[in-house]
There are 2 protein chains.
Amino acid sequence: MLHASASVVIAWLMGAAGGAYVLWQLKQVLSCEQGNDTMREISAAIQEGASAFLGREYRILAVFVAIVAVIMTIFLQWQSALCFVVGAVASAGAGYLGMYVAVRANVRTAAAASHGLHEGLRVAFGSGAIMGMSVVSFSLLGMTTLYLVFSGNANQLVYVTGFGFGASSIALFARVGGGIYTKAADVGADLVGKVEQGIPEDDPRNPAVIADNVGDNVGDVAGMGADLFESYSGSIIAAATLGAAFGGDAAGAFIGLPFLVAAVGVLSSLFGIYIVIGEEWDQGINTFIGKLPAAIGGVAAQGFKFIKSHLAQIDENASLAELLATLRRSVWGASVAVLGLSLLAVLLAGVSIYYWLVILAGLIAGNAIAYVTEYYTSYTEKPTQGISEATQTGAATTIIQGLAVGMMSTVLPVLIVAVAILISIWLGMKADGTIAAGLYAVALSGVGMLSTLGVTLATDAYGPVADNAGGIAEMSHLPHEVRLRTDALDSLGNTTAATGKGFAIGSAVLTALALLAAYVAAAKVENLNVLSPTMLPGVLIGAMLPYLFSALTMMAVGRAAHQIVLEVRRQFREIPGLMEGTGKPDYKACVGISTESALHQMILPGALAVVVPLVVGFVLGKEALAGLLIGATASGFLLAVMMANAGGAWDNAKKWIETGEYGGKGSDAHKAAVVGDTVGDPFKDTSGPALNILIKLMSIVSLVFASAFGSGWLSF
Amino acid sequence: MLHASASVVIAWLMGAAGGAYVLWQLKQVLSCEQGNDTMREISAAIQEGASAFLGREYRILAVFVAIVAVIMTIFLQWQSALCFVVGAVASAGAGYLGMYVAVRANVRTAAAASHGLHEGLRVAFGSGAIMGMSVVSFSLLGMTTLYLVFSGNANQLVYVTGFGFGASSIALFARVGGGIYTKAADVGADLVGKVEQGIPEDDPRNPAVIADNVGDNVGDVAGMGADLFESYSGSIIAAATLGAAFGGDAAGAFIGLPFLVAAVGVLSSLFGIYIVIGEEWDQGINTFIGKLPAAIGGVAAQGFKFIKSHLAQIDENASLAELLATLRRSVWGASVAVLGLSLLAVLLAGVSIYYWLVILAGLIAGNAIAYVTEYYTSYTEKPTQGISEATQTGAATTIIQGLAVGMMSTVLPVLIVAVAILISIWLGMKADGTIAAGLYAVALSGVGMLSTLGVTLATDAYGPVADNAGGIAEMSHLPHEVRLRTDALDSLGNTTAATGKGFAIGSAVLTALALLAAYVAAAKVENLNVLSPTMLPGVLIGAMLPYLFSALTMMAVGRAAHQIVLEVRRQFREIPGLMEGTGKPDYKACVGISTESALHQMILPGALAVVVPLVVGFVLGKEALAGLLIGATASGFLLAVMMANAGGAWDNAKKWIETGEYGGKGSDAHKAAVVGDTVGDPFKDTSGPALNILIKLMSIVSLVFASAFGSGWLSF
């Protein structure tokens, strides 16, 4: 049986290896050519805007982090506060790095796409891989370092929970702030540019065009990175905490197992990345094999040759379908690798083999949800085509059909998660006899689901880079074929992003429930009876919070977009020759307004997520808070899936029409589809994904403050 | 301390009194003049269509009722099955009567409105009063009769639960079937008539115009009547069942109290109705007083004079504002009367005075929710005006803003219900020391909230009659001022309907929770721990069901509307001279298609609501079912409020623009507002209200079959 610290050290080493890869890959991406002067200039403007936004956002969050750290020091211990700060900094760091490379990879992707599809993919995917691997490495390095620093202390895991809280807080603000920014700029740019002035998307005459491109980076890259950073950290913390609570003598093995699974996940993710862009590694690997003793080296060389011959790396002239197949293979390859290696991890930890089945269940569930997500949002399938058909009778039926598809799309993910929970609990109880073991298994299946995050996030995060590259190609008047290639890469990214979303939401629910279980243990909630006096009101209030949160974020997008509309209109009115291309738009003004209003609008919903659980916990007591978490998790899960899938389906229903169906671009059907797409924007890129974080943040706040809650001031 | 049977007998007597009033009022309404031949002809067509729909609907439901009755006889007892059948018949009867009078009152209202606003109100409100009072009387008579028939049997209350199940089943099918019919006909008529052919609403050339008018009656009248019939019955059954479970020696008093409160509610509702249309009663009352012994008679006559002088009945030339004030006064007057009389009921029952405070809490909560509903959906307030403002930037922002308002509008109702639950539980525990007493108090506050249903339903149900009257006025080319008057009555009805909706949703949640508590007691669910193995999956599945249900009903409206669109287009294409007014449209074909498709589409969602709880209860066990009910109640409550209020707000945002704001009718802003209104139609009239029933039906199915569930086939 492996000691917990040993597992943690292994995870630390793998985290460090991942970090080393990130640095190497960063060098590779930055060394690519940057294209002509116009391209560099545009890219510089995007870089400047994105840096300015993140800089200001982090300055605001620093104040928030400082206040919370002081509160934690007073009500809890300085160690928790320290972990909180480290978690916040690590999450912000991963987000910043992802953004840093994305705003530099965009122009390089555009330049590379001038040579071919494959070259473009290589740069964009490299950027995504940096994001994916930096998220898992920073998270693993941060948690394991803190765990080792506090080793010997009985509360060492309790402190590390603070890391998750820090990561969640940054995630929520980054998702909400970035989400508002990106959609406000997008909607604002479209409403005046496309609708009122009739100029195409990404036209350099549109004053909001740079803000729109900045938005892709701060929302879809930095926001998503922070989001998954906290999912990943939260799932490991929840499993380790539950392992400590139920494990008894074997607690060390149960605490260590999630770290081990994460560690093998890093390796497997690197394998997945290798499948897509690993050619550069070959020389290094061969050199390494050459240095091995002849006997081993010979076998290794043959083995490597065998693997390579079966991996079928991308051909220079690969078609889009071949690229998609490669991306799929990379995610599946990583999954298979995780399964093999985690069997080793389970044996090494010395726990029941049933826990390996739990990890398997988590991985299968994640892939199943991803499949369902793709079914409901892909325009080659019936649900989205049904929305396209509904556009024929106008915008209203488009909206009704889209909402109905979104609602319908919740059914299978809920059933999949419910079955995953039932199987996990059953396996855990089979292995160790107690319900506590079953809940630990639920947490572990969440870890399994996210173990390949390094590569799934890479397939997700390269999309916005390709999108941006397309914008740069358009604005700098590159040949049309370049734009076609970046568009192809972008649409490929949209398809693979569905996979990422499926894993994100599925793991969010499992993690939130595991954190809830950890909270219940930590707060010593004795009366968990659903009919206890304060439980029912707690459930209702919890179920309401995702609605309040979504209302606030949607209204925020509306308000921020409105300010941009006013500014863009002003510029078209006041700057002479803007439409004719002789006047120069003031991009910075739009970037400034987007930044200002997104940050301003981010504060209320963000603060709410932290404050409400604390208020309920102190006023109504810890039972009510448990009810609140259940209500919020269930209701938030449903609303998040509904919004994300309705948004995705509207987007693709529009794209389906743009392929020429129902009259194609410019037809009445297309106009109706654009309405659906615009409604879907804040659904899928602001409110929906933020709900994933909300439910986990509330659980982790409760867990961190568990020891401070009593039976409530209004005690019965 | 009053024996339960004595209280029940009192309730029976009041139910009979209410029934007598219904017959008398029916004679009054039917004796009104019916206008000219064209009007009679149109009204006859509507009557024929509505009768045909209800007839066919009831024939389908008879099959369903028969199957369920057989199942109940096999798995439970024949007594439960009998009560189930009686509940179904009573609910269908109240719905049929409401529809019967509504389709006759519409033409009479149109005729009366030729003479003045007040005359129109008198007929329409009389029709609403028949609906309201027949719902409460039929429900009370049915339940009390069954209770008395089975007196002496230890299971007498268990059997009566079957009555609630019967009522709920009919309610769900009636709401869903009627809701699909009315919105499909409405959307279908508008899409071709208004949008494609450019003819006004209610134009006799539109082949779907009769179907549209039939829809108002089968959806908003019969559907709503069945809906509130089951709310009312369910709340009383839940309270009585919980009273029997916890009351011990005093059980009789606790069982009787909800019946007594309902009984005084009948009296109070009659008082409320008197305030609006009581002039005809005066002579009868005076005659009655004259027959009293001189000493009493003198005091009574003076008292009556005093009351009348303070009631300020409607002036013949009352303005719209005065009419609204009168309607408000009638609801408030009934509430005050209930409070006074229920104090008497509490004293008579011999239970703690705290229970009177519980009833008070329920009534205040109901009124508070009604106030919030009105705030969020009235165009004189900021939320709806905000939607009107959003129409300026197009349909997409209109939809986003409307959804955000709908989501935001859930916050206060949830908090109000949560506080009402906390206060009720606290008072109940204060009175009798146990949590069971607290849960009984929750049920009782639901009874309090619905006690004035007789009059609140009257203020709600007269709206569709006025709406229909307007259609008839339009189609039979009555002077424009008649249409203006019926429009005024209609808009008055929209305002007061908000009150009814507030009571309906608030009481639905309290009743569903009370039924859940009754189920838990009846099924002897021992492990109610929210972290028990099957509870969490149960909660998630439960939270998903309202989404599935809404998706199915919204898609059903879309499909049914599509069929009508095709038929209307066909008629415009194939019937010569239809547009010129020389050809005659085939109204019956549209009515037939609406009927056919609504009934066809009603079956799946309806059956789902009954089948899913049974499947979960048998397969996953009674704990999972408890979790399912909690998840469904919380999630359904939120979704129902969101949909109802978003729908109402969109409707009124359009009306606000039609008053001349943002360019008025025909402007681009108005077009965007029409999109919002069309999306809102199935929200507020099909899916939203059906969710109220769904959550109660699932609870009552579980309660009825409670004794049959075990630990589940998949036991852990």
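Each residue, glycine too, has its Cβ placed from N, Cα and C.
Sequence annotations record features per position, and here TrEMBL assigns transmembrane segment to B:6-24 (among others).
Per TrEMBL, transmembrane segment is recorded for B:84-103 (among others).
What TrEMBL records for B:123-150 (among others) is transmembrane segment.
If you look up TrEMBL, you'll see B:156-174 (among others) marked as transmembrane segment.
Residues or ranges marked as transmembrane segment in TrEMBL: B:330-348 (among others).
For B:403-427 (among others), the entry in TrEMBL reads transmembrane segment. Below 8 angstroms of C-beta separation, residues 354-355, 357-358, 361-362, 365, 368-369, 372-373, 376-377, 383-384, 386-387, 435, 438-439, 441-442, 444-445, 502, 505-506, 509-510, 513, 637-638, 641-643, 645-647, 649, 683 of the same chain, each at least six residues beyond the ends of the transmembrane segment (B:403-427), sit close to that stretch.
The feature transmembrane segment is assigned by TrEMBL to B:439-458 (among others). Residues 18, 125, 128-129, 131-133, 135-136, 224-225, 228, 231-232, 235-236, 238-239, 242-243, 246-247, 254, 257-258, 261-262, 264-266, 268-270, 272-273, 276, 330-331, 334-335, 338, 342, 354-355, 358-363, 365-366, 420-421, 424-425, 427-428, 431, 499-500, 503, 506-507, 510-511, 513-514, 517-518 of the same chain, all 6+ positions outside the transmembrane segment (B:439-458), place their C-beta atoms under 8 angstroms from a C-beta of that stretch.
The site 'Determinant of potassium dependence' annotation in TrEMBL covers B:ALA497. Annotation note: B:ALA497 (site 'Determinant of potassium dependence') sits in a helical segment as assigned by DSSP. Non-local neighbourhood of B:ALA497 (site 'Determinant of potassium dependence'): B:THR459, B:ASP460, B:GLY463, each in the same chain, at least six residues away, with C-beta under 8 Å from its C-beta.
Taken from TrEMBL, the feature transmembrane segment covers B:502-522 (among others).
What TrEMBL records for B:534-557 (among others) is transmembrane segment.
Within the chain, the transmembrane segment (B:602-621) has long-range Cβ neighbours (under 8 A, six or more residues past its boundaries) at 57, 60, 64, 68, 169, 172-173, 176-177, 180, 534, 537-538, 541, 545, 548-549, 552-553, 556, 628-629, 690, 693-694, 697-698, 701-702, 705, 708-715. What TrEMBL records for B:602-621 (among others) is transmembrane segment.
Residues 373, 376-377, 383-384, 387, 398, 402-403, 405-407, 409-410, 413-414, 417, 498, 501, 505, 508-509, 512-513, 515-516, 519, 538-547, 550, 612-613, 616, 673, 676-677, 679-685, 687-689, 691-692, 694-695, 698-699, 702 of the same chain lie 6+ residues outside the transmembrane segment (B:628-650) yet bring a C-beta within less than 8 angstroms of a C-beta in it. Here TrEMBL flags B:628-650 (among others) as transmembrane segment.
The transmembrane segment annotation in TrEMBL covers B:693-714 (among others).
Residues 22, 26, 29-30, 43, 46-47, 50-51, 54, 58, 61, 65, 68-69, 72, 127, 130-131, 134-135, 138-139, 141-142, 146, 162-171, 174, 217-218, 221-223, 225-226, 229-230, 233, 461, 464-465, 468, 704 of the same chain lie 6 or more positions beyond the ends of the transmembrane segment (B:84-103) yet place their CB under 8 Å from a CB of it. Beyond its flanks by at least six residues, the transmembrane segment (B:693-714) meets 72, 75-76, 80, 84, 161-162, 164-165, 168-169, 171-172, 175, 227, 230-231, 234, 237, 241, 508-509, 511-512, 515-516, 518-519, 522-523, 534, 545-546, 549, 609-610, 612-614, 617-625, 628-629, 632-633, 636-637 of its own chain at Cβ-Cβ distances under 8 Å.
Listed stretches B:6-24, B:502-522, B:534-557 were compared with the transmembrane segment (B:123-150); the greatest number of C-beta pairs under 8 angstroms is found for B:6-24. Tertiary proximity for the transmembrane segment (B:6-24) is limited to same-chain residues at least six positions away from its ends with a CB under 8 Å from its CB atoms, namely 97, 130, 133-134, 136-141, 144-145, 147-148, 255-257, 259-260, 262-264, 266-267, 269-270, 348-349, 454.
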